[in-house]
Amino acid sequence: MAAWPTVPLLINLGGSLLGFAATLTLIPAFTDHFLAARLFGEDLNKTSRRPVPEAQGVISGAVFLIILFCFIPVPFLRCFVEEQCAAFPHDEFVELIGSLLAICCMIFLGFADDVLNLRWRHKLLLPTMASLPLLMVYFTNFGNTTIVVPKPFRVLLGMHLDLGILYYVYMGMLAVFCTNAINILAGINGIEAGQSLVIAASIIIFNIVELNGDYQDDHIFSLYFMIPFFFTTLGLFYYNWYPSRVFVGDTFCYFAGMTFAVVGILGHFSKTMLLFFIPQVLNFLYSLPQLFHVIPCPRHRLPRLNPSTGKLEMSYSKFKTKSLSALGTSILKVVKILHVVDVRSGTDEDGEYTECNNMTLINFVIKLIGPTHERNLTLLLLLIQVLGSTIAFSIRYQLVRLFYDV
Amino acid sequence: MAAWPTVPLLINLGGSLLGFAATLTLIPAFTDHFLAARLFGEDLNKTSRRPVPEAQGVISGAVFLIILFCFIPVPFLRCFVEEQCAAFPHDEFVELIGSLLAICCMIFLGFADDVLNLRWRHKLLLPTMASLPLLMVYFTNFGNTTIVVPKPFRVLLGMHLDLGILYYVYMGMLAVFCTNAINILAGINGIEAGQSLVIAASIIIFNIVELNGDYQDDHIFSLYFMIPFFFTTLGLFYYNWYPSRVFVGDTFCYFAGMTFAVVGILGHFSKTMLLFFIPQVLNFLYSLPQLFHVIPCPRHRLPRLNPSTGKLEMSYSKFKTKSLSALGTSILKVVKILHVVDVRSGTDEDGEYTECNNMTLINFVIKLIGPTHERNLTLLLLLIQ
């Protein structure tokens, strides 16, 4: 069992705490610049229409980058100071720099999206472009595209399966998925930063547990990114928690998603990482009919404030009953029978219409527990995120025996 | 003499030509997005006040990054396809990725500056932050901080001099200097992109000449960056040339400056590169009194249009004679005697005032040849470059 690189980890932690302080300081310092640049939004669930600075993920992201830029030589100091390395570990150095390139590019493109309001197809293109350096680094460092087949499929596929170029497609898709999965579980104060904090904390715990395992280096690498990410996001969360004084923007969702994808891919634990995304996956599956526009999808799907009660209620998507395709009508029938979606019909001056609640996890929670205050709703969703991580750990360490030999 | 890596260079050229076409296509495609985001400026030297999209350097920069992202494995294909390498050249790979990190970060911070209008002290901080990865890569790859002393100084300092940490300060300053030097030689249509094209072409010619020399690898590395930079900037220049349909923004100046600094530092030819910056250095020295606010420095120092003649004339900095420091007054005396600055005095309702032309190379050229049409002025400055 190799020794933990205690000094680099402590320096990383120290830098991350500085990053926390820096983010706390810089966000209010730049508020005027953002308002002057018209980078602000309005909180649709508050009665006042005060402008709230947007895209603040760019600040926590920039602080994250600077911490890690300064940190770059630290894991390799032992090679210079104490001459403890046989040969300089260039491949580890390349992983570090390549990961920073992917994350830096993602923050940049994410900020460009927030500023220029790019279209939806760009939200799939941009993470793919930003993940290219990651794929190239993986190709040159490992090039390994063989997976271990889960037990139930070994009869069909054998012990190992070389996915070839499909492995790279999977890695590219991972970045696209993580960024957009966080982006669509959104809309109530503090949910985007909050869910990312829970996921990051879960990954950090997983990494620490695995530090005593066979793949120590992979998990140390992951910690070098997750610790600064956690603390810079914590600084952002301090202003984003209910009632939000700032909004994180698409920039943050891109930044978070790419950072998770990077540690999952280069740390070789992407399947475990996806286990921590269970609530995001459920939200994604539940949203599929609207994402593919089989059921009409409005611009915003967040819950709506009822000004008289001060609580959030489900938001609905309203459309003419006849405008729905055959597939859409069938889906509505099924979800209505299963009681997972609230479907109502009626007639108004335009003709027969149908309403269904916007199919997001947030609306589903309101469907189950009734109208809720925004702060409690966010807290509940974060609790669900924690629950998801707990289930993930039990799957990873218990149920895993059903699928792999550990 | 090693063989040229012909295939990677050709692929790089092909990708760069694609990048040229992409930049030409994407700039007009995003015009509406920029105008809606209020990222536009007004051409102060045109009579019409049509909004002109700003910060278009972000588009040519993004295209540049994508070309190079796709190009990353190409110089190393010989190791996979033909197994021609003894061991994988990780240090070369690290140089490539580290350089892209510095340039990507610089484009990002440059774009943030254009959007958020950061203050002047940030214009010094941002390039320093973006050059950190470059310094780290240099530290781990070479770590060599010893310079060969120029002949005149060898009596004093010996043949070699280890600058230690000063070498890293020099490299950091190089990035800051290149970015801002391009940024202050600005203000007339096409000058920022134009000067960068001339500098890039010069570096490319220098690299090609040196391909037969002892440091072939360094110059091949430089070409991998300069060729895509040249062609994406050419696409931008097409819309930025007089009369400008787009403005390049601080984003472009940051992007260009950092790319030049990167190839100069990791290619080990920073002194030669600075020689290609002679006009920028002259402009910088001429501007020093205003940059340090010894002489008052207005927000814009570009030449002014005379609407009746349609030509550009010098712009002036006007201030109360008494408000000038002793140093400022001395400087004004000297430059007046040397005839390098046009200094005039007078009295108006506020009291005694002094005017001097804004101390930029562009104004100086107008001083020498008289009021000039904007297009000819830019052409002349590119000729000087």
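Residue numbers in this text run from 1 along the chain shown.
Each Cβ is built from the backbone N, Cα and C atoms, and glycine gets one as well.
Noted in TrEMBL for the protein shown:
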{"type": "TRANSMEM", "residues": "A:17-36", "note": "transmembrane segment"}
{"type": "TRANSMEM", "residues": "A:57-76", "note": "transmembrane segment"}
{"type": "TRANSMEM", "residues": "A:96-112", "note": "transmembrane segment"}
{"type": "TRANSMEM", "residues": "A:165-186", "note": "transmembrane segment"}
{"type": "TRANSMEM", "residues": "A:193-209", "note": "transmembrane segment"}
{"type": "TRANSMEM", "residues": "A:221-239", "note": "transmembrane segment"}
{"type": "TRANSMEM", "residues": "A:251-269", "note": "transmembrane segment"}
{"type": "DOMAIN", "residues": "A:316-358", "note": "domain 'DPAGT1 insertion'"}
{"type": "TRANSMEM", "residues": "A:377-399", "note": "transmembrane segment"}
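Averaged over the domain 'DPAGT1 insertion' (A:316-358), the predicted model has a pLDDT of 88. A contact between the transmembrane segment (A:251-269) and the transmembrane segment (A:17-36) is absent, since fewer than 3 of their C-beta pairs, 6 or more residues apart, lie under 8 Å. For the transmembrane segment (A:17-36), the residues of the chain that approach it from at least six positions outside its boundaries are 51, 53-56, 59-60, 63-64, 66-67, 228, 231-232, 234-236, 238-239, 246, judged by C-beta separation under 8 angstroms.
Counting same-chain residues at least six beyond the ends of the transmembrane segment (A:377-399), those with a Cβ under 8 angstroms from any Cβ of the stretch are 185, 188-191, 194-195, 198-199, 201-202, 205-206, 242, 272, 275-279, 303, 312, 361-362, 365-366, 369.
Remote same-chain partners of the transmembrane segment (A:96-112), defined as residues 6 or more beyond its termini with a Cβ less than 8 Å from a stretch Cβ, comprise 55, 57-58, 61-62, 64-65, 68-69, 72, 75, 118, 126-127, 129-134, 136-137, 175, 179, 221, 224-225, 249-255, 257-259, 262-263, 266.
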